[in-house]
Amino acid sequence: MNNDNKRSAGGLGLVGDIGGTNARFALWRGQRLESIEVLACADYPRPELAVRDYLARIGESVANIDSVCLACAGPVGAADFRFTNNHWVINRAAFREELGLDHLLLVNDFSTMAWAASRLGADELVQVRAGSAQADRARLIIGPGTGLGVGSLLPLGGGRWEVLPCEGGHVDLPVTSPRDFALWQGLQARYGHVSAERALSGNGLLALYEISCALDGVAVRASSAAEVGALAMAGDAQADAVLEHFFLWLARVAGNAVLTVGALGGVYITGGIVPRFLERFIASGFAEAFASRGKTSGAYLQDVPVWVMTAEHPGLLGAGVALQQALDAEG
């Protein structure tokens, strides 16, 4: 069915945010998300079957869907996409044919965080550093979670945006204090090259805690990043000091990225760690450390605002924005 016919028949967009364990789906109608559902990837041999089941659950016909955008964890190229943390494979041609689609767009999952940053409302953001965003400049999106995602969002005018994904999580971890250096040495002994992601991720938080305990002669009481965070929230001094150091390192890495990209449009923090410990993050030294550096670079960063993204489904929203812009570009 051609695009015009399907749209005249009430064609809808469908968006998905697919991780290793769960797949989140929603309809994209009138530039808004509707009918959000979460399905377990393990329950479906193929992603097409998950889409069909999602539509059946919400009482929507496959025939009414003309466009799909899926956020996928990993680098997205022109070839088939193989998920690294589950058994699914997306063959673009087969996927389009089975579901009768006119458009199929696959985007990197962290890129959707950047797309989402162009559309989030005030109730989906918490400002953690004051400043004045420049509307015509790039925005930086950074998110420690399973790894350390980094990307930027460029305004093109007319409400259009371009997302520039990168591998900023793999820059060298900056060392600016004796404690930094001691922790860095512990990371180097484990991994060799010490990227920012080695510290600023879930595994990184646990590694920093274990190394910190060894340096200070303190017994290790946590075996996961979640447990480190729980200890910190319960008042454990060692875990709390590690969480503080994590936030300070994030400030330096984010500040360096702003200097590199020229992201005077502001910084948006996402990922699974900072929003979980938002009150502790606000109370940390992040805001001061972000611009605490040399005279020239510190002045450049002084007025850059920082927000934490607290939207419940930013990946789905970002996929919807990416799909909408692609369709609008086609006319």
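Keep in mind that glycine also has a Cβ here, set from the backbone N, Cα and C atoms.
Swiss-Prot has this to say about the protein:
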- GLY16, ASP17, ILE18, GLY19, GLY20, THR21: ATP binding site (BINDING)
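Listed in sequence order, ALA40, CYS41, ALA42, ASN85, ASN86 are the same-chain residues at least 6 apart in sequence whose CB falls under 8 Å from the CB of THR21 (ATP binding site). Counting other Cβ atoms within 10 Å of each Cβ, the binding-site residues GLY16, ASP17, GLY19, GLY20 show the lowest value at GLY20. A strand conformation is recorded for ASP17 (ATP binding site) in the three-state DSSP classification. The ATP site, placed at the center of the C-beta atoms of GLY16, ASP17, ILE18, GLY19, GLY20, THR21, has further neighbours from the same chain whose C-beta lies within 8 angstroms: ASN22, ALA23, ARG24, CYS41, ALA71, CYS72, ALA73, ASN86, ASP109. Sequence-distant contacts (6 or more apart, same chain, Cβ under 8 Å) of ILE18 (ATP binding site) comprise ARG24, CYS41, PRO47, LEU70, ALA71, CYS72, ALA73, PHE83, TRP88, ASP109.
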